[in-house]
């Protein structure tokens with residue numbers, strides 16, 4: 001028996017040792033690929049068993065990818081969000097396709113697909129190099145693909161509660177990082193910022209929190225603030241949620257982003273008007289009026305600076321104005337298509353300095369040049385990229401997709417279930433904030449800005465439609481049966497995450 005055990009151990013240890021040696025040698029040449037093999041493959045395998053938890057982890061990675069890339073100094077980390085979206089598609093969509101099930105979609109999915117197809121066809125029509133086309137398409141599509149992956153899972157109101165609790169932890173982390181940032185602004189900026197210089201407003205540093213620049217902190221904290229206010233409106237307020245909303249509001253204020261302030265105040269008033277409790281809206285109006293009166297001079301100077309940013313009245317060559325105006329001419333030049341993904345207004349068009357820019361003399365315009373440090377406005381807008389790259393019909397498709405999302409959110413905002421109503425109210429406030437921010441920030445594609453909105457759009461695949469209502473009823477029936485008769489082979493809730501809702505619906509109606 002001892003000899004047999006020895007031989008068995010030898011047969012086990014020898015392959016393990018050979019694998020360790022092979023991985024060590026490979027790591028000397030391709031360390032990133034080895035790390036993916038050692039950690040990524042087991043992680044994805046776990047995702048097939050626990051898809052909802054996998055998606056939650058993937059969302060966290062997408063949120064803090066850019067920060068991790070700056071912190072570690074490893075360029076490959078900057079692509080972690082694309083990798084996690086691809087892995088989420090594999091985990092969530094793969095089993096569904098193998099079972100022969102139809103793909104679950106979300107409101108506006110068809111219009112988003114039209115937008116992507118037009119961008120790709122436009123690029124092929126003008127012979128955009130494949131490497132540029134691939135990078136540009138990946139940038140334009142990753143938020144949509146994230147929503148598609150999330151939509152493949154049947155989410156319940158209990159799942160949304162759990163996501164909300166996880167979101168609270170993220171918001172507390174953002175507040176904690178912002179406090180440290182306020183205490184040691186220069187050290188924090190050198191540690192995690194994308195530039196080494198701290199931006200000050202009236203001797204107060206513009207905070208970046210756990211992100212690489214103030215704009216991202218402003219948007220994410222505004223999203224958090226509006227989500228908590230919507231929770232207070234739809235579900236009910238408590239001392240904790242009131243303090244959390246105050247904390248997120250202060251973080252957003254100290255990012256010193258002008259559009260963020262305006263959007264927050266407007267959405268705060270609208271959310272308060274939807275509260276079903278007397279006195280809430282009046283209190284909100286008095287609060288906003290007090291803020292405007294108290295900071296009137298600051299807000300006035302902010303608005304003046306905002307207008308000056310878009311309109312250079314001395315020369316008429318403000319960078320954003322040029323990009324916005326030229327996007328119409330580019331779309332007309334390539335009508336009925338556009339210039340193609342990777343060719344106008346996007347980060348890809350900046351990285352592979354677009355021939356369209358050279359044709360239009362952007363190399364001579366401040367903020368639009370190819371020179372390092374003079375290219376600040378090449379990626380500072382959203383809509384010129386959509387119009388210029390996908391054309392007039394591509395822009396129309398993108399807008400119609402957002403309209404479809406808004407219609408579903410509006411329907412949910414009147415739902416009798418508090419958690420579903422919260423989703424609707426939050427989504428409407430978020431879309432308003434995104435639209436305002438998109439005038440000077442590529443929020444629909446820039447990491448991590450795109451993550452909150454496209455997470456919510458993916459969740460809409462489980463709420464609001466007739467099919468979703470039928471699946472929700474089946475889910476409740478199955479849950480009731482398992483509650484009455486536990487231990488009858490129903491399996492754990494997490495294991496059922498991997499099962500299609502249609503399968504559970506069949507069980508419920510037997």
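Every residue, even glycine, has its Cβ placed from backbone N, Cα and C.
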Practice item. From the ranges 361-379, 418-436, pick the one that TrEMBL records as transmembrane segment. Key: 418-436
Review point. Between 222-239, 240-257, 258-275, which stretch does TrEMBL give the note transmembrane segment?
Key: 240-257
**Study point:** Most Cβ pairs under 8 Å with the transmembrane segment (54-77), selected from 106-125, 131-151, 163-184, 240-257, 448-465
**Key:** 448-465
Check your understanding: Out of 163-184, 240-257, 382-406, 448-465, which stretch touches the transmembrane segment (131-151) the most, going by CB pairs under 8 Å?
Key -> 448-465
Review point. What else in the chain is close to the transmembrane segment (163-184), if you only count residues 6 or more beyond its ends and a Cβ gap under 8 Å?
Key: 56, 60, 63, 205, 207-210, 217, 220-221, 224, 227-228, 231, 244, 247-248, 251, 254, 419, 422
